Amino acid sequence: MKRTKSYLAPTALALAAAIGFSAPVTAAENGKFRVGIVTFLSGAAAGPFGVPSLNGAKLVIDALNEGKVPAPYGLKGINGLEIETVIVDENGGASKQVEEFRNLAERHKVDAVIGYISSGDCLAIAPVAEELKLTTVLFDCGTSRLFEENKAPTYVFRTGLDAAIDNIGAARYLIDTGRKLESVASIQQNYAWGHDSWGDFSAAIKQLKPGVKVTTEQLPKLFQGQYGAEISALSVSKPDVIHSSFWGGDMEAFVLQGNARGLFDKRTAVLTCGESALDRFKGQAPNGLVIGARGPFGAFAPENTLSTWFRTAYRSSAEMDPTYPAFKMAQAILGLKAAVEKAAGKPGVIPAKEEVARSFKGLTFESVSGTVRMARANGHQALQGIAYGEYKFDAKSDKATIANVKSYSGECVTPPDGTSAADWIKAGFPGAQCN
Amino acid sequence: MFKLDKTEIWLVVSALVLVASAFLLPSWLTFILTLALAKGLVVQGVVIQMRAGLVSFGQGLFFCIGGYSVGMGGAFLGIHDAFVLIGLGVAASVGVAAILGLLMTRYRDIFFAMLSLALSMILYGLIVKNQALGSTDGFNVHDVSFLGWMPAGEDQKLVIFVLTVLVAGGIAIALNRYMKSGLGGVNEAIKENEIRVEFLGLSPRWILYANYLFAAGISAVGGAFTALATGHVDPEMAFWTTSGEFVFIALLGGTSHVAAPFIAAVLFALVRTYALELAPHSWQMILGFVLLAIIVFLPKGLWSLVAEKRRAAA
């Protein structure tokens, strides 16, 4: 024991250093615009969100590199430079994502990062992006706390919408379509997303229709998959409306199991993330189920040249319709392109990061979901409307569509700067402009 | 009076080399090393108990307490000094361990493993239900100062790296002394035959209790450094997969030498980050195969490479 010698420690260090220095440090000097794309490639969020968003990213980036995207994005790649991607799996927790984000910034020397579905990851990444001064576009995560915790962002932008909007929009839709709404029940996954969604929805519905009763609040754990007990509890409590922020496999399981047991007969269920399974329900969801797409995305996207092009191209490559995560990813890429090109002035150069940040701030750009204005959080958060509609399956054509769509403008459902969503709802939506 | 043995000289040299290299290595690499060394500290906590025959599947409990103490100290108590925050984490963690240890030391084998896992999952559940702490999303850790000095951005990470290396080095030396002391040797004896140890007039239970407290303390240090480096804490720190990773790294390195957990943690981090780069869609598989290969070919961990060489030389 006394003769113990430890020469492995320095050896390992030398090895680590060697690997480190031999890493490909071919910065953007190769004349390409390098973008890090971070999305779930494994785990439960990969199927419903990660894979569609990556498909969308590949499609848009390939088309941009070939100069095939319709106006105003005809310029090849980003500002005439070919786009090169580094793809990272978002699975593995926030501290690992911070590690990988630093790798993207310093080892891969990317010019920008687009990504992040998990709210926890967004919260962890935002301060690091500011520290490293790296343009970062968050495309999907919905936490209201993003710009509440990071009050003075410079390099962080979010082209996706705040989750509070989903729930304010859902509450308005239920009221405006004149449904029976004496009581409401809730079923959410037991984690931050579920708690926040229900908090916003219950506050909004009570504000819009005082006296609404909450019959039951079910909080099964994430990825539980079997909802027998919860469905019984919901049925027994006899609510007029069931609200759920379930997503992915959990949502599909809940709809299938609930439908088989008649949970959705004679009452309305609203699923804020329902659209991502539009083509997957295959008639096993009840007609009249109210679903949303977390903004004007997917099946709710307005008809315009860009959205028509995107739908057609996506259908021919992935053999299915693009769902909302694909739209949101496309939107983030187009936003970044618009900002870089505005900052550059002339094609063929990569503008300084400060310039990109300055031109992204408050930018208005055309997207697959219509015109997007970066008009909240001091120009760092996109302002867009939201739409809800009813699921409708046509057995003959084996196709699901959305009926009775109602859209709300961004100003109607988004709190003004400086007010948190919770305070805004509590105060009765002051300054909301709804038509 | 304070004579270093060969292992300790090597530890000091390695620590100094790491500190010096902080200014040469690219900052993404120092960041990975910071996290790996912090994780290595928690693994040391697992290894201490493993030597006495107890496998803790819930070391994430103390890792999480250390991390959340740093986060909550800054957010709710207005403490911004790194040393005070780390101290707070250690105090909270050892305090909790002092109570839980009374129960835990009554159990052995799988019962100890399962109970430790259960306790850490209770903490996980409590944090997930707590909206003020951001539930599963966690919350950000405020920037900290070091004895009144507040370096900005990049430098802050460098200081944290240097501090992690120094603290890890110091703890490693302490652990080495403990391992080689008479009491350290008793751990092995407890693992082999607890009743005989009792007949020798020693109380295995209180030795295990001391181990438990010590492991809790250094795990909290690891958690505190992780929180300081990443700038974010979330309940994942107490989740069973995190604890499982610590046990895994412990097995990867082996329990026979104090440097093994650190080396294994660094290797694990590097394999993971390069696997992710090479195969973004199937990096877990690469990781799995590497770990499988080590288990099959080096059942006593990476350290058996060194041990075998030494045996061959003798």
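Each Cβ is built from the backbone N, Cα and C atoms, and glycine gets one as well.
Taken from TrEMBL, the feature transmembrane segment covers B:12-38 (among others).
If you look up TrEMBL, you'll see B:50-70 (among others) marked as transmembrane segment.
The transmembrane segment feature in TrEMBL is assigned to B:82-103 (among others).
Same-chain residues lying 6+ beyond the ends of the transmembrane segment (B:110-127) with a Cβ under 8 Å from its Cβ atoms: 54-61, 64-65, 68, 100, 103-104, 133, 135, 235, 238-240, 243. Taken from TrEMBL, the feature transmembrane segment covers B:110-127 (among others).
Per TrEMBL, the feature transmembrane segment maps to B:158-175 (among others).
What TrEMBL records for B:206-226 (among others) is transmembrane segment.
Per TrEMBL, transmembrane segment is recorded for B:246-271 (among others).
Residues annotated as transmembrane segment in TrEMBL: B:283-303 (among others).
When each of the listed stretches B:50-70, B:82-103, B:206-226, B:246-271 is scored by C-beta pairs under 8 angstroms to the transmembrane segment (B:12-38), B:246-271 comes out highest. Here the listed stretches are B:82-103, B:158-175, B:283-303, and the one with the most C-beta pairs under 8 angstroms to the transmembrane segment (B:206-226) is B:82-103. Within its own chain, the transmembrane segment (B:283-303) has Cβ neighbours under 8 Å at 248, 251-257, 259-260, 263-264, 267, 271-272, 275-276, counting only residues six or more beyond its boundaries. Remote same-chain residues near the transmembrane segment (B:158-175) are listed as 4, 8, 11-12, 14-15, 18-19, 22-23, 27, 30-31, 33-34, 37-38, 40-41, 44, 48, 82, 146, 151, 218, 221, 225, 228-229, 258-259, 262 (criterion: CB distance under 8 Å, separation of at least six residues from the stretch ends).
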